[in-house]
Amino acid sequence: MSGYIRTLFIRNRFSNYRLRSQIIKYKYSNVSYLNKSALRCGQATDSTHPHILQPGELTPRISAQEYKTRRDRVASLLEDNDFMIVTSAPVRHMCGAAFYEYHQDPNFYYLTGCLEPNAVLLMFKNGASGSYDCSLYLPSKNPYIEKWEGLRTGSTLGKKLFQIENVYDSSLASSVINALGKKSNRIFYNYQTGYLSKMPAASAPEFIQDTLTKLFRTSTQRSVDELLHPLRSIKSTAELECMKEAANISSNVYREIMRKRFEKEAEMSAEFNYRFCIGGCDRSAYVPVVAGGKNGLTIHYTINNDIFRPDEMVLVDAGGEFGGYVTDISRTWPINGKFSTVQRDLYQAVLNVQKKCIKYCCTSNGWSLADIHFESVKLMHEELKQVGIHGTKREITDILYPHSIGHEIGLEIHDCSTNNGYQPLRKNQVITIEPGLYVPEEDGWPQWAQGIAIRIEDSVIVGDDKPFVLTSAAPKEIEEIEALKK
């Protein structure tokens with residue numbers, strides 16, 4: 001401090017009074033900042049946001065101890081001298097300076113509970129002792145940047161918040177990666193999907209990109225997914241509580257929206273996004289599908305810019321996210337509140353398939369998700385024959401019902417995507433069951449059915465002897481749906 005004052009005095013030739021004023025201003029503004037930073041981190045805490053977090057929670061429903069247990073579990077899967085590098089998600093921009101809402105990388109979040117960008121988790125399995133080293137690298141405290149971008153946790157507060165002993169400034173990460181990379185046998189890294197998978201370092205924080213690029217030129221990397229997806233697949237009690245919360249909120253939103261009348265897809269889409277948030281979710285888990293009439297023939301229809309026509313149905317695929325965990329629901333209902341005879345028959349056919357498939361979601365059957373899908377195709381074939389739609393099983397899977405019966409959900413809407421769908425289901429996996437029917441406007445299919453699209457989807461916890469449907473409060477029985485608009 002004395003050097004700073006001496007330089008300031010010589011350079012600016014302050015009077016004693018002005019120099020004293022500058023010292024006081026500098027001193028107390030800095031102390032004020034430090035006091036505030038000691039109370040507030042780069043994410044919500046149980047002391048600053050008690051309306052979000054209960055005492056002891058690092059993220060909603062989940063404690064720092066549970067995150068440590070997860071790190072211990074993945075460390076037990078590492079071999080001697082294995083090195084794991086898990087980076088936070090990058091900030092993504094729409095264009096120029098306009099950025100998207102930040103969403104953390106699911107693997108990084110699963111292991112740390114940290115919600116900040118530009119962070120790195122390193123884990124190294126010691127060959128001699130069998131123990132593992134774990135270190136977290138966070139952006140340093142910086143009053144100027146925090147004024148623009150929000151608070152940072154920093155290394156000092158990070159040790160206490162995340163209960164990781166070794167938390168350092170992110171500027172130190174490159175040297176550690178370089179040193180550990182040289183003596184590692186296998187390197188695990190969290191590759192991003194899409195084109196970034198061909199440039200693995202491109203999605204990493206800028207301060208380690210050069211280091212990773214050099215390291216990856218001389219080593220072979222494996223995806224952390226092969227270690228983490230099997231662990232993430234089986235949900236803990238706390239994780240299931242998050243998913244129940246997301247499902248309950250989302251199911252109630254469906255019920256309320258089904259009561260109302262809308263003229264435009266955009267209005268209904270906005271209502272879903274709004275109600276998820278005011279109901280207690282963090283955000284929509286994904287861009288809602290709100291498809292009126294034949295728009296539902298596009299399975300991932302998200303443009304949501306058409307008008308509703310009274311004699312048509314609307315297919316909605318939307319769900320909320322709570323504490324990082326998502327729910328996935330699809331419902332189809334008539335715009336005017338009353339199913340026509342054709343709509344009723346086709347809807348009931350799909351519903352029958354869905355309800356039968358849900359019953360298979362238990363470990364006692366020994367079935368895999370693939371087994372349930374193959375059974376759903378058989379059931380769909382039988383149901384459609386009864387209502388007058390005749391097609392081969394190949395035509396059903398290629399045209400009328402071209403997607404799978406379901407997928408895992410959790411921190412991602414298609415969670416643990418590297419898991420083998422042919423493995424028997426395990427207790428506390430959470431999956432979707434979502435048969436669909438999409439009759440194209442083409443010759444060869446009954447005129448009376450053309451343009452009709454139906455999907456019915458629930459989020460389901462796999463049990464030992466019977467499943468638990470998380471989203472059962474979202475109406476799907478015909479009588480219940482019709483009663484909502486009376």
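A Cβ is built for glycine as well, from the same backbone N, Cα and C atoms used for every other residue.
Annotated Mn(2+) 2 binding site per Swiss-Prot: Asp317, Asp328, Glu457, in sequence order, evidence recorded as sequence analysis. Taken from Swiss-Prot, the feature Mn(2+) 1 binding site applies to Asp328, His407, Glu434, Glu457, supported by sequence analysis. The transit peptide feature in Swiss-Prot is assigned to 1-19; the stated evidence is sequence analysis.
Projection of Swiss-Prot feature records onto the structure.
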residue: Asp317; record: Mn(2+) 2 binding site; contacts (Cβ under 8 Å, 6+ apart): Pro288, Val289, Asp328, Ile329, Ser330, Arg455, Glu457
residue: His407; record: Mn(2+) 1 binding site; contacts (Cβ under 8 Å, 6+ apart): Leu369, His414, Asp415, Ser417, Ile431, Thr432
residue: Glu434; record: Mn(2+) 1 binding site; contacts (Cβ under 8 Å, 6+ apart): Asp328, Ser330, Gln354, His403, Ile405, Gly406, Arg455, Ile456, Glu457, Asp458
Most Cβ neighbours inside 10 Å, all chains, among the binding-site residues Asp328, Glu457: Asp328
8 Å Cβ shell about Asp328, His407, Glu434, Glu457 centroid, Mn(2+) 1 site members excluded: Asp317, Ile329, Ser330, Gly406, Ile409, Ile431, Thr432, Ile433, Asp458, Ser459
Other residues, Cβ within 8 Å of Asp317, Asp328, Glu457 Cβ centroid (Mn(2+) 2 site): Ala318, Gly319, Ile329, Ser330, Thr432, Glu434, Arg455, Ser459
